[in-house]
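For reference, Swiss-Prot has these:
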- 171-245: region 'N7-methyltransferase activity' (REGION)
- 246-428: region '2'-O-methyltransferase activity' (REGION)
- 429-555: region 'N7-methyltransferase activity' (REGION)
- 556-692: region 'GTase/RTPase activity' (REGION)
- 693-835: region '2'-5'-phosphodiesterase activity' (REGION)
- His718: active site, for 2'-5'-phosphodiesterase activity (ACT_SITE)
- Thr720: active site, for 2'-5'-phosphodiesterase activity (ACT_SITE)
- His797: active site, for 2'-5'-phosphodiesterase activity (ACT_SITE)
- Thr799: active site, for 2'-5'-phosphodiesterase activity (ACT_SITE)
Amino acid sequence: MKVLALRHSVAQVYADTQVYTHDDTKDNYENAFLISNLTTHNILYLNYSTKTLEILNKSGIAAVEIQSLEELFTLIRCNFTYDYENNIIYLHDYSYYTNNEIRTDQHWVTKTDIEEYLLPGWKLTYVGYNGSDTRGHYNFSFTCQNAATDDDLIIEYIYSEALDFQNFMLKKIKERMTTSLPIARLSNRVFRDKLFPSLRKKYQHIVNVGPRNESMFTFLNFPSIKQFSNGPYLVKDTIKLKQERWLGKRVSQFDIGQYKNMMNVITTVYYYYNLYQKKPIIYMVGSAPSYWIYDVKQYSDFTFETWDPLDTPYSSIHHKELFFEKDVAKLRDNSILYIDIRTDRRNADWREWRKTVEEQTISNLKLAYQYLASGKSKVCCVKMTAMDLELPISAKLLHHPTTEIRSEFYLLLDIWDISNVKRFIPKGVLYSFINNIITENVFIQPPFKIKTSKNEYIVALYALSNDFNDRMNVINLINNQKQSLITVRINNTFKDEPKVGFKNIYDWTFLPTDFNTTDSIITSYDGCLGIFGLSISLASKPTGNNHLFILNGTDKYYKLDQFANHTGISRRSHQIRFSESATSYSGYIFRDLSNNNFNLIGTNIENSVSGHVYNALIYYRYNYSFDLKRWIYLHSIEKADIEGGKYYEHAPIELIYACRSAKEFALLQDDLTVLRYANEIERYIHKVYSITYADDPNYFIGIKFKHIPYKYDVKIPHLTFGVLFISDNMIPDVTRIIKDMKKELFEMDVTTSYTYMLSDGTYVANISGVLSTYFKMYNLFYKNQITFGQSRMFIPHITLSFSSRKTVRIETVKLKIDSIYLRKIRGDTVFDMSE
């Protein structure tokens with residue numbers, strides 16, 4: 001949802017939009033809670049409070065102040081990610097298709113012939129990093145840019161088997177126009193760009209697990225972050241390959257040679273980072289015009305020094321000349337060298353050309369060895385061709401996509417490789433590598449060993465759920481790592497499946513109860529965004545590809561109502577009960593009935609079950625931004641840091657009742673996942689709360705009324721306001737609590753409406769209006785370690801007779817309390833209190 005804050009109402013009516021006017025009788029937190037549970041996507045928030053907007057944004061719900069109709073129209077028609085700390089909005093708006101254009105934020109693409117393969121009459125527009133060049137389109141009170149581009153489709157095309165670019169793009173654009181927006185993927189770059197600078201300020205040692213090409217620009221500014229990926233393809237790994245011939249397959253209709261060069265250099269940079277944790281000078285021989293240098297410099301400041309007879313316009317220092325062996329001495333330490341020398345074929349026949357290429361390959365390799373043989377802190381990436389070669393077994397083979405699969409591949413070498421054992425690799429084996437293997441990731445660092453690290457902050461986004469990881473190792477890492485941000489796939493199945501298929505692999509599934517943590521926030525993507533200064537207009541949907549975001553060691557842990565809080569907890573319930581259910585009271589009715597409380601009069605006002613916990617369980621797929629376990633735990637140890645005003649603290653028994661209702665709901669829905677989740681949450685409540693039951697009580701609290709509107713034959717009709725199991729020396733503590741609650745007890749709005757047979761031989765009158773006070777008293781007794789209440793639900797009633805009588809219904813009557821007392825069962829009154 002998105003909240004657009006206005007000072008005045010607007011005449012225009014918008015679809016899927018609701019107006020909320022700030023309620024001055026409620027505090028900012030309650031207003032935020034009410035807004036978050038509205039069911040439309042767009043909320044026009046009138047007479048707004050900036051504090052309420054802050055609360056919503058911290059909760060991950062985008063809430064923006066609007067100063068003009070132009071701002072309103074722009075934000076209401078599309079989704080966006082909001083950097084609420086810096087007041088920057090990143091639109092995810094593809095309406096530019098109506099201008100017959102596709103967009104890119106990679107400059108090199110604009111220098112290709114891609115426009116020849118677009119839809120008829122369409123053009124390509126460069127919009128800068130994350131759409132920064134579009135800022136000039138919006139003259140708004142906040143900074144605004146459109147981060148939507150088609151780079152994801154262009155890159156997907158490059159790695160796909162498709163060759164016809166126009167048909168590929170047409171299909172993908174149609175898919176984009178007919179399916180739900182993958183909002184998390186679109187905003188992920190914004191998130192990463194906010195996350196890692198934030199972590200870098202706090203933590204000296206950061207580990208990042210499983211980065212992909214989408215992150216290749218983000219980490220250029222963080223050479224000290226230790227990356228873990230799937231490891232490199234080594235020369236020695238070719239032993240598994242069978243020999244093949246030249247394939248000559250075209251990969252892309254438009255020229256992607258620059259993309260290949262960019263990927264080679266960035267791969268080399270990250271390999272260098274892994275060895276030396278600092279930025280290198282980048283030397284490049286050949287590969288002009290290297291327009292992609294512009295893209296790299298948009299993200300991070302590097303020195304590029306290049307040699308090529310052709311112009312290289314974005315190089316820091318360009319030598320418009322050939323590079324020779326003698327020039328190697330000019331190259332300094334703390335550098336990488338990219339050798340991409342290849343003479344043009346011109347009119348040479350293939351035999352003559354093949355001889356030239358092989359000679360050049362040997363020459364290139366010699367340059368690489370010469371560069372690495374002296375000095376320190378060096379890495380080299382060199383162009384090679386498929387031919388009979390002796391290569392170091394530890395050298396890394398690269399084959400990033402290029403326009404055609406021919407004879408070309410690249411070799412990545414460090415200073416240790418050149419002194420390592422060499423192996424003869426036949427030409428046919430290298431052709432097999434070229435024909436069958438694509439380097440899909442610029443990150444070729446070794447795999448992560450799933451174990452805790454005492455002095456490092458571990459980030460593992462979408463990296464550890466794969467079933468080739470041991471599930472218990474992942475759980476143990478999350479349980480024991482002191483500082484981390486780790487995601488795992490949430491169990492969205494209805495049959496409690498332990499793993500689910502994703503693309504061509506399987507992922508383990510998890511619930512929050514799989515983890516035994518007491519210093520972690522477990523939330524959703526949008527809940528995590530709020531913690532790092534971002535919010536989003538489109539919440540996570542239960543697609544089956546959703547992840548739990550688990551933060552260990554965050555300073556936000558105790559701020560219970562600010563981050564990963566209960567905002568939106570009832571939104572799914574509202575959507576269902578106001579549109580599909582038998583009555584809008586269905587949730588209240590079901591919760592009472594499933595706990596054998598059959599007095600439904602005023603059930604929506606006085607419910608015996610925690611609606612928070614119930615909704616958090618049965619609709620966890622929709623509202624798991626709320627960290628239920630943390631909420632339970634912090635209340636159990638009385639360390640919840642509550643900033644808001646009015647805040648209702650549940651008694652632990654209310655939470656148990658909610659679990660019982662959720663379990664019955666799950667059985668009716670045949671939802672085995674909710675059934676397990678509710679059982680495990682109930683066990684967790686019993687674990688963190690020391691709940692004892694007065695199932696064999698020796699004292700009770702009685703409430704006597706001035707007048708009872710029914711006939712009775714018991715001696716003193718009274719409301720048993722809870723039973724206790726206490727020793728006599730605890731009586732002063734019990735009476736103190738009763739006295740402390742005197743005002744609230746006598747101010748209870750106690751009513752009765754009918755009589756009924758509670759059991760065979762027990763005729764009673766119903767009582768309403770006392771439950772909230774009962775649960776408050778329960779909490780006070782619990783905190784004083786006094787056993788109060790039974791394991792079965794408290795059903796307030798007045799016993800009228802121990803014989804069978806017919807039910808009597810009357811107009812609701814308010815009962816006036818005469819006295820409240822503490823009496824020993826089958827004994828004397830030990831305390832009596834009148835108003």
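The backbone N, Cα and C atoms fix where each Cβ goes, glycine too.
For the region 'GTase/RTPase activity' (556-692), the model's average pLDDT works out to 90. Across the region '2'-5'-phosphodiesterase activity' (693-835), DSSP helix (H, G, I), strand (E, B) and coil residues number 31 helix, 57 strand, 55 coil. Around the Cβ of Thr799 (active site, for 2'-5'-phosphodiesterase activity), 17 further Cβ atoms fall within 10 Å across all displayed protein chains. Helix, strand and coil residue tallies for the region 'N7-methyltransferase activity' (171-245), in that order: 41 helix, 8 strand, 26 coil [DSSP].
Taken through DSSP, the region 'N7-methyltransferase activity' (429-555) splits into 28 helix, 34 strand, 65 coil. Note on the region 'GTase/RTPase activity' (556-692): DSSP counts are 71 helix, 0 strand, 66 coil.
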